[in-house]
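Feature list (source: Swiss-Prot):
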type	residues	note
DOMAIN	20-303	domain 'ABC transmembrane type-1'
TRANSMEM	21-41	transmembrane segment
TRANSMEM	61-81	transmembrane segment
TRANSMEM	135-155	transmembrane segment
TRANSMEM	158-178	transmembrane segment
TRANSMEM	242-262	transmembrane segment
TRANSMEM	277-297	transmembrane segment
DOMAIN	336-571	domain 'ABC transporter'
BINDING	G371, R372, S373, G374, S375, G376, K377, S378	ATP binding site
Amino acid sequence: MNTKLLYRLARNLRFYKKDLIIVIISLLSVSLALLLIGNVFRNLVDQGLVLDRTAAVDKSILYICLLIIILSIASFFRSYFINNVAEKVSSQIRKEAYSNLINYEITEFEELKIGDIISRLTSDIDQISKLIVNFLSFFIRNSVMLVGSIILMFFESFKLASIVIITIPLLLIPIIKFGKHVKALSKKTLESQSLLASDINESFSNIKTIHAFGGQAAKITEFNNLLQDYLTYSAARLKIRALFFAFSMAFIFLGVTLVIWIGALDIVKGNLSSGQIISFIYYAIIAGFSSGGIFELLSEMHLPLAALERIVTIIDKSPIVHNNYSDLKPVNSISLEFKNVNFSYPSRPNLKILNNISFKIDSTQFIGIVGRSGSGKSTLMQLLLRFYVQESGIILVNNQDIALLNPNEIRKLIAYVPQEASIFSGTIKSNIMFGNDSSEEEITEIIKITGIADFTDKIPDGINAKIGEKGVRLSGGQKQRIALARALLRKPQILLLDEAMNALDSQSEQKLLSSIRDIMKGKIVISIAHRISSIESADNILIIDKGAVEAEGTHAHLLKTSDLYRTIYKEVDLL
């Protein structure tokens with residue numbers, strides 16, 4: 001058993017001391033009531049049945065009824081409070097894990113699968129809840145009852161109790177033998193469960209593509225293979241646990257049978273009374289079930305402990321914190337500059353994306369960026385947002401190196417609209433307001449400017465309409481208008497548009513661009529364009545090729561001087 005992990009869990013439990021005290025008192029009450037019933041059985045037999053005393057029988061039955069009432073009440077408090085604590089602790093751990101995960105550096109998510117994250121934050125934490133209930137409730141209760149029943153057995157018969165004591169340590173053999181295998185299989189089971197979650201998430205996120213390409217059969221086969229892996233590991237783990245439990249129970253009750261045989265011989269010889277052997281058998285059965293329950297829980301704990309370990313790795317992996325950031329100096333006009341910047345993605349270190357790129361953008365400029373796919377256009381925005389760190393070179397905002405500035409302060413200056421509009425489940429209004437604290441008047445104005453009012457006026461509930469997960473009820477153009485409204489409502493100093501209007505027709509795009517330029521006067525707009533027509537009016541256009549600026553200038557200038565620009569223009573805009 002991993003005591004370090006249990007200690008980590010105990011740190012979360014310390015906040016619920018009052019509840020745990022009630023749980024412990026309830027557990028002790030349950031255990032004591034069950035153990036006292038054995039003593040009442042002895043009196044019932046020896047004083048009531050053997051001596052034929054009706055009063056003794058009635059008194060014993062009354063005691064048993066009272067103990068059952070105590071047992072029931074204590075069981076209620078135990079069950080309610082331990083499950084309540086388990087839910088609270090699980091929620092607390094889930095909150096810690098989520099809060100830590102969402103603050104990870106973007107690079108960390110290149111190594112994580114969304115399905116794995118979902119699995120850890122849901123099913124793994126549910127396993128932790130089971131661990132709390134099983135350990136604090138059943139494990140402690142069984143331990144108290146085992147110790148208590150053994151002590152009482154010694155009071156009844158030292159010889160018979162000694163036989164029971166000898167058998168219990170022998171059960172450690174299968175625990176040691178099977179434990180390592182169960183632990184390894186538990187980890188494999190959780191990993192295969194995460195792969196299943198990842199596949200489900202991937203499949204239904206791309207359900208339209210699967211249908212369009214007739215890929216249902218292939219995806220079903222892939223899912224079934226993953227499911228078979230999960231079932232294989234799960235079945236192997238359950239088989240070992242079942243063998244262990246069967247061995248344990250057989251061993252325990254063979255021991256109880258041996259005790260009954262020897263005890264019966266002692267009754268014949270007059271060394272034990274009938275009440276003593278009945279009481280002893282009762283305690284022996286309690287000891288048998290308690291020890292069997294303990295060993296069953298020990299074999300079962302490997303799965304929740306493996307789940308706890310997977311969650312702890314998320315919580316313990318602290319985001320990078322810097323306390324020596326420089327303050328961002330306020331200036332009247334914003335400026336931006338890349339100086340000899342080189343970059344490769346961490347997952348593809350041998351593939352150069354940006355190659356010694358340099359350019360400067362002054363305030364009030366509308367900058368267009370064009371280039372072939374994979375030339376590094378979007379990467380420029382990723383670096384400016386500090387999602388990644390360049391290998392060499394300097395990126396300056398207001399003549400300050402952004403490597404020395406707090407990334408959150410830089411992001412406050414920027415509004416970013418990616419190629420695929422990021423839409424959250426909720427309403428149109430909640431999506432527009434995401435990250436913004438704006439008045440109703442500002443929201444009303446921005447939905448008019450971005451053309452959102454054109455379709456919200458025609459639907460029930462307007463901007464308060466529910467749009468489904470990832471905006472499934474919206475068209476591509478509607479999603480992009482919402483993403484643009486969110487960005488403009490932020491009132492940024494720098495607006496980054498990464499093919500942000502490619503789902504709109506040319507006329508709508510031009511109208512929206514005109515509105516954006518009016519709103520962003522005196523600020524910087526950088527637009528990566530698929531259609532050159534959308535940036536023809538830009539103050540300056542950068543042509544990115546193989547990670548460097550191949551040429552720059554106005555649309556008219558580049559048409560005259562750049563072969564690459566003319567080629568792209570003909571390929572895209574004149575088709």
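Heads up, the Cβ atoms here are built off N, Cα and C, so glycines get one too.
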In chain order, residues whose C-beta lies under 8 angstroms from the C-beta of K377 (ATP binding site), counting only those at least six residues away in the same chain, are I369, V370, G371, D498, I528, I544
For ATP, residues beyond G371, R372, S373, G374, S375, G376, K377, S378 with C-beta within 8 angstroms of the site's Cβ centre include exactly T379, I544
Using a 10 Å radius on the Cβ of S375 (ATP binding site), the other Cβ atoms enclosed count 20
Given the transmembrane segment (21-41), its same-chain partners at Cβ distance under 8 Å and 6+ residues beyond its ends are 60, 63-64, 67-68, 70-71, 73-75, 77-78, 81-82, 85, 136-137, 140-141, 144-145, 148-149, 152, 275, 278-279, 282-283, 286
Near the transmembrane segment (135-155) in space but 6 or more residues beyond its ends, with Cβ under 8 Å, are 6, 13, 20, 23-24, 27-28, 30-32, 34-35, 38-39, 78-79, 82, 85, 161, 164-165, 279-280, 283-284, 286-287, 289-291, 293-294, 297, 301
Min neighbour Cβ count (10 Å) across binding-site residues G371, G374, G376 flags G374
Ranked by how many other Cβ atoms lie within 10 Å of their Cβ, the binding-site residues S373, S378 are led by S378
Mean pLDDT across the domain 'ABC transporter' (336-571) comes out at 89
K377 (ATP binding site) -> DSSP, reduced to three states, gives helix
